[in-house]
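Engineer: To start, I am sharing the structure in question, which I have written as structure tokens.
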Amino acid sequence: MTTRAEIRLAFCVVLAILVTASGQAVTGIATTPSATTTATPTATTIAATTATTPSANSTTLSPSDPRAQTGIGACTPSQDAYFTDENGRYRQDGFRPGGCWQLPLSENISRLREVEYEGYDGWYNNVAHPELGGADSALIRILPPAYSDGSYHPSGQDRPNPFKISEAVFRGETGFQSSNSKTALLVFFGQQVVEEILDAQAPGCPPEYFNIPVPVDHPHLNPNNFSSFEMPLLRSRYDMRTGFSPNNPRQQLNEITPYMDGGLTYGVTKAWADSLREFEGGRLARDTSESINVPVRNTIRLPMANPPPPRDHPQLKNVNRFWRLGNPRGDENPFLLTFGVLWFRWHNYLAHQFQARHVDEPEWTDERIFNEARKWVIATHQHVVMYEWLPSWLGPENSLDPYTGYHAELDPGISAVFQSAAMRFGHTLVPPGVYRRNSNCEFRVTTMKTGTQDASGHKGLRTCNTFWNPQESIRENDIDELLLGMASQVTEREDNIITPDLRGFVFGGLEFNRRDLMAVNIQRGRDHGLTDYMSARRHFNLPAWDNFEDYFNATYLDDNGVEVPRFPLFHAGPQRNLSEALELRQRVEDVFDGRTDQMDIWPGGMLETRETGPGELFTYIIRDQFKRIRDGDRFWYENYRLNGQFTEEEVDVIRNITLRDIIMSVTQIPDELIGGLQADPFRYNTASDPCAASYPGQMQESGLAACTSLQQFDFFSGSEISYALTFLAVGLFGVGCVMMLVFLAKRKERRVAEQRKMVQASLRKKKSDDSLIPCTEWQGHREGERTVQVRLGPGKVITILNERGKTQRTIDMSRVQSVMLLVAADQHQKMVAIKIAREYDQILKLPNVAMRTDFIGRLESFLGETGIGRERREMKQEQIFKMAFTKLDRQLQLEKFFRVAFAQVKTTRSPEAKAKLLFDMYDISQDGHMSREEFRNMLRSFMELANEKLANAEIDQVIDSMFKSSGLTEKQAITFDDFQKLLSGHQDVLNYATLNFEGAGVDMPKAAGREGARDNATTRARKTIIRAYSKEGRSKSTAAPSASSQLKVETQKQKFEKNRVQNRINAFVRFVENHRMHIFWFSLYTLVTIGVFAERAYYYSVEREHAGLRRIAGYGVTITRGAASGMMFTYSCLLVTMSRNTITFFRETFLHRFIPFDSAIAMHKYIAFWALLFTVFHVIGHAINFYHISTQTANDLTCLFRNFFHATHELPKFHYWCWGTITGFSGVLVTLVVILIYTFAIQYSRRHVFKWFWATHNLYVVMYILMFIHGAGRLVQNGFFFYFFLGPGILFTLDRLVSISRKKIEIAVIKAEILPSDVTALTFKRPQNFEYRSGQWVRIACVTQGRNEYHPFTLTSSPHEEHLTLHIRAVGPWTINLRSTYDPNVIREHSYPKLYLDGPYGEGHQDWYKFEVAVLVGGGIGVTPFASILKDLVSRSSVSTNFACKKVYFLWVTRTQKQFEWMTDIIQDVENNDTRGLVSTHIFITQFYQKFDLRTTMLYVCESHFQKISGRSLFTGLKSITHFGRPQFASFLNSLQDEHPEVAKIGVFSCGPPLMTSSVDNACAELNTQDGAAFLHHFENF
């Protein structure tokens, strides 16, 4: 409370300063804290007493004076607002001469005195306890609560169904008049009394449904006899601080003040009151567009109650149709609205009087006049209610005792039993309709919607059909006819019978537009925890009974000592005949199952009803309530001596004012003698009623329009299409992204192909040799096409070259007799095939028909000149393809031949037999001699089968070496004996060489029974390179290893466990040992992520179990909120993994021993997986939640989503929540962005459309902005994404600033080389302070290709080098363009375009030096990291740097060494500088044909001879050993344990295609299941 007071004090001070500064007089400004938020409850402001007589300097007003034009109806139709005296002059007092009230005379009419005006919200009325009576205070308990759990669960869980009680207790024939002539005016005035002191109708928020099952046979609310049908009912709003224990049970709230302080007219806040004012003359604003005097329309959309009118279901109407009133529910029906208009006019009536009396007194400002008029309205209302209405309501004998003064110890708060039961007594008096009559005693005939005098209409306005359509009848004939009609109509009899308009046809929501108010009353009492009826009587010391017999027959002694029934309704009398009384007894006893403790207070209290009014229980409760309201109100008008509100004379005036006086002052109703209003509007006296003759009699249901029936509403209607289309569009967007990805990839392939063609065309143009014919070679259906050039000649040779002029095939035509030309004759007239005996076909496609014609002409001329015959055939292109004998076909044919020819290899063991087989195969003349040319052709055929080409000089060099070593230098032809000499020293190789056909049925021979038998050379090479060629057998210069010097290391064989379970255990243990840091951090992150999800899930499942959205959507909210937190956490963590500079920095610190920084990318992907998973959960969950939300009532949604305003006449559909809210719209956008990012983040996208991957990944900025916006919408809760984002966001921002600072520096390119294999080598300046390690990578952008498009490449330079070097292979548009950009033919005399550099960034390869033994495995372009590492290694060793690494094995796996010629140069430099033998390099050429180990062995023989004579490889020109085929990584790594038994950990670093790195990883994993060294694998894929 202190905080609230301090806020008010501060606001008051500011307001006082503003008022003083503007020169306004403080006089007359109310000082009540809630009215003007003044400082203290005792502060007062000087205000003048109400002027009651004309001042000395007042003037007479003319009828044309604006101050006389009040717009208020006079007492007679001929008079205006100001009334004339007996001389016809206007009197300034504004009252009729000799009227109903006289103002007291006072000599001090201009004297000022201090007055504290009453506030609006009830606070500080009680100075000692400022909160007592405040708006939004809890209902008090004068009965102990009876919640079923003692805290908040509704009471009466075992009591009967409220509908059954309603049917048993309140059903009966209506149309009987009140026993003491109570009028309908009394009843509806009572409703406005309730609206003045009580408003507890608002449902709780979040909504809690306490539905009532509707019986199958209910006549009105279950016409279809559904077995499971409920009438919805929301539990009342309550103090959220209560309901946690029996010591603190739930307490419902009264949203207005219990004081009679004008809330009905002015509202309960100053802001609301100001919205009603005209701010001129102290008046309330009048609607000048209306023909009658009514408040201004609610164009400012005050939050007035606006349920759907049940008569017009399912139509919703705009709240701006209502008139502005202080009571938000004042428009419920026309009868209640009548009193709202009445008090509005009464205020303006008084305001006009005060303005007219003090027109020349400046201190009487608008504010003072308003507050004075309000003070008088409140006082007169207090008087009418307490001393005029209440005695009529309870009976004169139950009137309150005379006022004795203010009692600060009293709590004026409304009691729960008063609200839920006692004050609802008036429901029995409500008539089914209301008459309307005019001053001519004419009772109007009424239709359902209007009050027209249609003869076919009905006698009155039907109560059930007027709900929330109150203005129709008032607009037609003003409030006069309604007031006269209500005053002339006797209400329903005082009994237990309730009109069907309330007991089945009271208004409800759209989903259930008719309700049984009696069932609602009973259920509401249980909702509020009311005890049973008998317990309530006992609590108030009233008699109670344990059985119905005693209860029905209970009696008491009246004032005359006569024993009379205590409950007349159970006995024959004026209210019942005997049969009706007995029937009622039976129904009551049956419905409560014979148990009096099952009776709710509401039906029990109603069964006490007497002729005079409510029974003893309700009377006690009502009297107690009104007494506390009166005696606990410091501003009560009779407490004038204490509060100074009025003088004694003014109080006397107030006491003489009646409701009739007020009505007569503000309406056109004439005196009662001529059809006007009776003296007591609350009682109808037929004898004195001048209109008695035309009185239609007691209102009967049969004379009224029928109530519209129950109708329901599907709130999801109207959302079906938007719901389906939205999620369909999101799904199609995902499919569209995939299709777009595929389209872009295919388009890129086409563009690359076109670009290559353009390059080839440009190259062809540059060729000066006219003998080259550019065309495309078709190699086969699977192999596709390649660009070639054809040279005819010189001599009888046709040469096929690639686009760079390197020979691909040479066709020797010297022994060819004839050639067949197949020419395509269909629409594809570009194809020509050359068929030559004993050769595979050469199929060429020319660019166009003209070039093909030219080519055929040149070819025929060539053949003619060389004397070769030719045959030409024309056919369709498809036929050419079918007839084609391709290189692959030839290889397959040779395979078949070798299968047959070498079949004896399986049975022939001797090396001599195998050598003889080879000799006979290539002894074409079969004369026992093989010429050098035939020997050369044999080797060349092996090379051709291996897809390898060697220059003739190189082959000749090998042959000369072999012949020389065997002493055959002078021979031009050799015998089989000579052939054996050539193979001397390799018999053991031939001994185990065989044909290794996969699936061909030819098996590898096994040396069974031979302990320690050696493998053949190929197998040895594949198992272990170390064993195949020993380092001991090689000279330090150029000496090649000999067969006799191969390393022979006897090692203990590893024992493999036969038990698979044990193997798996070993594998798991070793995996944990090798990846313990990764496992720890991945597990820790997983647990934290699950914890983040679980925390929100638990909160919404348990702590918010009864929250509205949780109740609506169930555990869907649990999933979505948990997933939302998971998304916020994971998406924020992604920024950490993207902080490359930070990761690179920390990996150089001691932290690298505890955190595997090299796994940042793997962690990025892992976190992204969780983020995607949570996103999917969130989206699917919201698809379900949005459906549930779209099926809820508008009021429930207003409660659940308080930050999203929608008008009361609008039903927010799915498209509103999804597309019309910040949260929904941003959620859709962020979902689309996530789909786009993830679609283009897959491996396929990175491989084929990297530019799109990079562009879409840079949408992360948009994604994070949308996530902030998504949370800022506060649809469910306040956004807290920034809690997760703040730390990572700052870190990432700083990291990016570092990158930006580097990227803004232009770096000059020193050298650019266009290397073979589409590789571009760039050498550029090393920026100052640019420190890096071998194996690291950078990102570059070229100024000519976009300053912001960066691509990553591994540095091939070493840290000790002065400049930086990159080797970039042209595989995509950017790299192709880069190659063209730095092409010397393009640059010419211009300088090289500059680069932007970002980096360096670290990865696992840079840790090679930390292992004693390191294995580097590069595949294809994946060798680039190792180029830098190898150079760094040699550099370190040359300067005797101490580092852990003692031996490095470099394995280069490539299709052909010609693919990356630049790498051979680097390896050669390493070999030349590696004086300590640190590096052992082995090259695996996978393009060699692998199926025939016999022929492959021959290649090894050739390689061995070449190594002997040159000290380098025949195929690579390096000292490094060349192997043909793919390495067996497991065998190789296993041998390392034998070679280095003292090493505990071996580092394995691989970079290349996923298939290769996966093979290395599997090999490491397999060996880690055994005892021995641990293999720690670090890999990167491209």
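Cβ from N, Cα, C; glycine included.
Sharing the features that TrEMBL gives for it:
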COMPBIAS  51-64  compositional bias 'Low complexity'
COMPBIAS  1036-1049  compositional bias 'Polar residues'
DOMAIN    910-945  domain 'EF-hand'
DOMAIN    1302-1407  domain 'FAD-binding FR-type'
REGION    51-78  region 'Disordered'
REGION    1031-1051  region 'Disordered'
SIGNAL    1-23  signal peptide
TRANSMEM  721-745  transmembrane segment
TRANSMEM  1079-1100  transmembrane segment
TRANSMEM  1112-1137  transmembrane segment
TRANSMEM  1167-1187  transmembrane segment
TRANSMEM  1214-1240  transmembrane segment
TRANSMEM  1252-1269  transmembrane segment
TRANSMEM  1275-1294  transmembrane segment
Engineer: Report, as numbers and ranges, every residue of the chain located at least six residues beyond the transmembrane segment (1112-1137) whose Cβ falls under 8 Å of a Cβ in that stretch; write 'none' if there are none.
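Structural biologist: Sequence-remote neighbours of the transmembrane segment (1112-1137) are 207, 1085, 1088-1089, 1092-1097, 1099-1101, 1143, 1160-1161, 1163-1164, 1167-1168, 1170-1171, 1173-1175, 1177-1178, 1181-1182, 1184-1185, 1188-1189, 1192, 1196, 1200, 1260, 1263-1264, 1267, 1271, 1276-1277, 1280-1281, 1283-1285, 1287-1289, 1291-1292.
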Engineer: Any residues 6+ beyond the ends of the transmembrane segment (1079-1100) with a Cβ under 8 Å from its own?
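Structural biologist: Beyond its ends, the transmembrane segment (1079-1100) has Cβ neighbours at 1072, 1107, 1110, 1117-1119, 1121-1126, 1129-1130, 1133, 1155-1156, 1163, 1166-1167, 1170, 1174.
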Engineer: Between the stretches 721-745, 1167-1187, 1275-1294, which wins on the count of C-beta pairs under 8 angstroms to the transmembrane segment (1214-1240)?
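Structural biologist: Of the candidates 721-745, 1167-1187, 1275-1294, 721-745 scores highest.
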Engineer: Are there residues at least 6 beyond the ends of the transmembrane segment (1167-1187) whose Cβ is under 8 Å from a Cβ of it, and what are they?
Structural biologist: 716, 723, 727, 730, 1085-1086, 1089, 1093, 1109, 1113, 1116-1117, 1119-1120, 1122-1124, 1126-1127, 1130-1131, 1133-1134, 1137, 1214, 1217-1218, 1224, 1227, 1231, 1234, 1238, 1241
Engineer: Across the domain 'EF-hand' (910-945), what does the mean pLDDT come to, as a whole number?
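Structural biologist: Here the predicted model's pLDDT, averaged over the domain 'EF-hand' (910-945), is 70.
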Engineer: Could you give the number of helix, strand and coil residues in the domain 'FAD-binding FR-type' (1302-1407) as assigned by DSSP?
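Structural biologist: DSSP composition of the domain 'FAD-binding FR-type' (1302-1407): 19 helix, 39 strand, 48 coil.
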